[in-house]
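Taken from TrEMBL, the feature domain 'HTH tetR-type' applies to B:7-67. Per TrEMBL, the feature DNA-binding region maps to B:30-49.
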Protein chains: 2
Amino acid sequence: MARAKSEERRAEILRAALEVIAERGYRGASLNAVAERVGLTQQGLLHYFPTKETLLVAVLEERDQWDTGSGSRSGQSWPLELLGSLVEYNAMRPGIVQTFSALLGESVTEGHPAREFFTRRYVQVREDMADSLRGEYGDRLPGGLTPEQAAPLLVAVMDGLQYQWLLDPEAVDMPAAFRDFVGLLRSGN
Amino acid sequence: MARAKSEERRAEILRAALEVIAERGYRGASLNAVAERVGLTQQGLLHYFPTKETLLVAVLEERDQWDTGSGSRSGQSWPLELLGSLVEYNAMRPGIVQTFSALLGESVTEGHPAREFFTRRYVQVREDMADSLRGEYGDRLPGGLTPEQAAPLLVAVMDGLQYQWLLDPEAVDMPAAFRDFVGLLRSGN
């Protein structure tokens with residue numbers, strides 16, 4: 001019972017964090033702002049999430065699970081159509097994309113608290129995408145790549161386009177550019 | 001004369017910063033560490049570069065110019081072969097790639113001092129790449145994309161692969177993955 005309550009509180013904090021991120025972006029997503037929204041003291045919030053980074057990583061984990069409609073952390077399915085829709089959806093929520101991109105950038109430095117999350121995430125996402133592509137296309141995509149070759153490129157294009165789009169949303173049509181890439185993977189030789 | 005001397009000092013500082021980055025990575029590249037290496041006080045270094053970010057941005061600008069063998073900031077040429085070699089070269093210098101990737105990540109947050117540099121850089125790089133691709137292939141690449149469609153994807157793949165590679169160099173063969181992508185752009189239908 002205490003446990004269920006605590007889980008509920010945790011979910012409530014994550015929802016509040018997502019709202020704060022949407023409204024104020026990565027820098028504005030302070031532990032204080034989130035604590036206020038859920039009616040906790042900052043001390044109370046620290047009981048659930050000891051640092052801003054752990055809170056934001058939990059938000060990103062939660063997003064990954066919602067995005068793929070999967071309750072579990074592994075075995076997510078990523079058909080190419082769904083990925084295109086996901087990129088379109090992301091183009092409507094710059095706050096969370098900014099948070100993801102800023103944390104990913106920081107995570108490549110020595111000893112960053114989000115490093116392990118992103119490292120694990122990419123191993124898992126590349127594997128799930130390759131499985132999913134194999135289910136759709138077999139051992140070769142129409143464009144000639146194997147699922148294992150295509151997966152890291154799909155991830156790279158999604159992440160890389162986000163940076164260009166966040167910096168200059170007028171100049172970069174992120175969903176259209178992603179569709180161009182999917183077209184290359186799919187076009188037969 | 002005073003001006004030539006000052007330019008020379010500036011170049012010396014950039015070389016020292018590059019060394020420090022190579023040895024100690026992004027976090028270790030403090031103004032203090034760089035000042036020490038060139039025999040300046042931190043106060044003396046601040047005269048040339050008022051913050052760590054301005055120094056690192058200057059290092060990245062310098063790298064861009066070396067990488068394309070161009071002395072000027074615009075009109076750089078990026079044939080696809082050269083890009084492949086550049087990615088191979090980058091795989092041998094994780095320090096500067098880490099610095100680029102960490103700063104790029106930070107730059108998408110509000111009011112970051114590197115934001116303008118990256119925004120301008122991408123406008124320029126996309127334009128130069130599109131021009132360069134048009135020179136190589138005309139109005140359509142063999143894979144079917146226009147130069148303007150291919151340019152942001154090339155940038156995205158380079159940047160995105162760097163994150164996966166920095167986090168997990170054993171799992172991601174960055175040059176091979178980039179070559180796979182170039183193959184897609186080049187393969188005829």
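Just so you know, glycine gets a Cβ as well, placed from its N, Cα and C.
A Cβ distance under 8 Å defines the sequence-distant neighbours of the DNA-binding region (B:30-49), meaning residues of its chain 6+ beyond its ends; these are 9-10, 12-13, 16-17, 19-20, 24, 55, 58. Per DSSP, the secondary structure of the DNA-binding region (B:30-49) breaks down as 15 helix, 0 strand, 5 coil.
Predicted-model confidence for the domain 'HTH tetR-type' (B:7-67) is 93, expressed as mean pLDDT.
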